Amino acid sequence: MSADQLGDASELVLDDFEYLKTVGTGTFGRVRLVKHKVTGRFYAMKILDKKSVVQHRQVQHILNEKFILSSIQHPFIVNLAATFQTTRKLLMVLEYVPGGELFSHLRMREKFPLDIVRRYAAEIVLAFEYLHARNIVYRDLKPENLLLDEKGHIKITDFGFGKIINERTFTMCGTPEYLAPEIIQSRGHGKAVDWWALGILIYEMTAGYPPFYDADGDPYKTYEQILSQPVQFTSDFDSDTRSLVRHLLQKNKSQRLGNLHGGAQDVKQHRFFDGVNWDAIFQRRTDGPIIPKVKGADDTSNFEDYSEDDDLLDPAKQRRPLKFKGGVDPFVGF
């Protein structure tokens, strides 16, 4: 999906779309299924409240997300079609992925068999290889940020924590159970944190829960486990899966698979992936291992139900300008 399907994206306005069901909510706004009136195509519109973004000091994260998604295209990453804004909102028009979150499918099945784990891990490896070659670190891998398309393939979404890095970065961000030790210790981090998170994800897909977590949801106890405890395996893990997870969950990033001299190639050559045809995976020659039930391009049945908020559609509210500190609008050109 490319921006030219929407014509001149710089001239988009709210009235170009029909606003359908909300398919996700967050701190700064919501994601809504929309229909482009001229083309009839369906998109996922990420609607962000400017005031909330500024108050939570997330301006740079949002600008990073827009810049990164505008500069990449990959079969396992959700595509950005266009961005525009009103006086009160930022709007990102994204490819709509109707199969729902991998999180939902994992909770439904409790855990995945090895063939499913291997296939989805392979698709993520290819996406990370692509991103890291462009000096992009993702930093937010988790089942909730992985969507399934109608063919059962992974689509990585939500690049709010994504960043182009040339050296180490020090921002504390991500989901507690998926944070690498170097993020927790504020020692500076880079692409290695994505390979750590892949190890966590492979563990969670296999066991049904992450290797480090606190039953009461205390993030600091989770951090203590990540920093000090070894990975414990159940009988769900065969020797190859254990080996890969151990190599990805090296607490010392200089010894972590994916962060060694061979980079992503080292991960691809691990025996866990023996028999994987990487070209066939990249070209999506076969369907994914889980085919979601999708009745049509506008099907939202694989997402939770959310209360609707039509604040976006209130013309009076959209005309009321925001006042920015120092009088400088940080979203010029969004």
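Any Cβ shown, glycine's included, is placed from N, Cα and C.
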Among ranges 233-252, 293-312, whichever one TrEMBL labels region 'Disordered': 293-312
Tally of residues which DSSP labels helix, strand or coil - the region 'Disordered' (293-312): 3 helix, 0 strand, 17 coil
Averaged pLDDT, computed only over the residues in the domain 'Protein kinase' (17-273): 95
In the chain carrying Lys46 (ATP binding site), residues 6 or more apart in sequence that have Cβ under 8 angstroms from it: Gly29, Arg30, Val31, Leu91, Met92, Leu94
